[in-house]
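Feature annotations, reproduced from TrEMBL:
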DOMAIN    29-141  domain 'PurM-like N-terminal'
BINDING   30, 75, 211  Mg(2+) 3 binding site
BINDING   30, 45, 75  Mg(2+) 4 binding site
BINDING   47, 75  Mg(2+) 2 binding site
BINDING   47, 123  Mg(2+) 1 binding site
BINDING   54, 266, 312  substrate binding site
BINDING   122, 123, 149, 213  ATP binding site
DOMAIN    153-298  domain 'PurM-like C-terminal'
BINDING   214  Mg(2+) 5 binding site
Ligand SMILES: Nc1ncnc2c1ncn2[C@@H]1O[C@H](COP(=O)(O)OP(=O)(O)OP(=O)(O)O)[C@@H](O)[C@H]1O
Ligand SMILES: Cc1ncc(C[n+]2csc(CCOP(=O)(O)O)c2C)c(N)n1
Ligand SMILES: [Mg+2]
Ligand SMILES: [Mg+2]
Ligand SMILES: [Mg+2]
């Protein structure tokens, strides 16, 4: 792409996504400026996605843009942060035509509007490899109030929002390995819903929290390690959608199937710890408890199980 084309395209595709934020300088400067917000900390998170690793080859470009934003907002949600802005780096692969680039930008724009944040800057490059993009998301929390992974205390209960397992079954559905009547599982895989609605509740009551991206077991293990406590997870309590419950009934080894649902990831729900005295909030399920000790103990089908890795890993 010639220089003129590259910068013309940045202006055409991405300037609308700044949504008029003055700190973006219309995407014409070397950098952006973020004014401080009194009494607040800026929470910063970054996740990348790669074609064939995070979404199927041939996925619609608008869905890629939306998923990229949503997985990052999920981390802000778990930290009880209020989304404020983001930065985008995108590497266009060969064959990703101008129409595809426009659709990627339109998808991202639609969700920036939905979640009320602005694009303040980024970088646009080309790649001989697969589509790759990364987004840095920024959000505000009252000073010192980001919910950490490290605050779980013995006696706390472990709770998870929504349902677990639709992400991994949705990928099975998209790749044709299971039937998905009505397409709900595939929809949940393609359109994670960042749980920004939980902000007040987490700020008020959670001692620790994380979003479920790698897999419930792995993400709970992160909380146990960071907090220096032991966590006991009971997969028989796993909250399941109708589709996941139907799938589970058909599995020959229920314990192994539960471990799969709790290790597959792509759920983008929030798992948190709350003191035992706090009433279980609506929409949350108690899946375990915190004790003194270290690491994770997992039960399924009424007996202890070896959870293995418990989540997705790249290396
Ligand atoms: N390349 C890297 N450079 C610096 N820090 C990194 C890098 N990769 C990961 N981290 C840091 O490691 C920690 C864990 O990152 P991780 O990506 O596993 O968290 P996550 O975003 O919650 O999970 P997921 O990536 O599955 O959505 C975070 O503090 C993250 O900033
Ligand atoms: C095509 C395809 N194959 C597999 C998966 C599953 N997957 C890939 S990375 C990841 C963890 C979160 O990402 P990260 O830790 O890299 O931020 C998960 C659950 C997928 N989403 N799409
Ligand atoms: Mg990450
Ligand atoms: Mg993440
Ligand atoms: Mg996370």
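Glycine is no exception: its Cβ is also placed from the backbone N, Cα and C atoms.
Owing to the predicted nature of the structure, the values given are computational and were not obtained by experimental measurement.
Only 213 of the binding-site residues listed as 149, 213, 214 bring a Cβ under 6 Å of any atom of ligand 4; the order follows the sequence. For the recorded site, residue 266 (substrate binding site), the DSSP three-state label reads coil. Max Cα-Cα distance over the annotated ATP binders (122, 123, 149, 213) is 31 Å.
Highlighted here are the binding-site residues (47, 122, 266, 312) whose C-beta falls below 6 Å from ligand 1: 47, in sequence order. Ligand 5 lies within reach of 75, 211, 213 from the binding-site residues 54, 75, 211, 213, judged by a C-beta closer than 6 angstroms to any of its atoms. Across the domain 'PurM-like N-terminal' (29-141), mean pLDDT in this model comes to 98. Secondary structure from DSSP puts residue 75 (Mg(2+) 3 binding site) in a helix.
A straight line from the CA of residue 211 (Mg(2+) 3 binding site) to the CA of residue 266 (substrate binding site) spans 10 Å. Contact annotation for binding-site residues (45, 75, 122, 123) versus ligand 2: none, no CB falling under 6 Å from a ligand atom.
For ligand 3, the binding-site residues lying close by, meaning a CB under 6 A from one of its atoms, are 47; the full candidate list was 47, 123, 213. Considering only the binding-site residues 30, 75, 123, 312, the residue listed as 'Mg(2+) 5 binding site' has 312 as its nearest partner by CA-CA distance.
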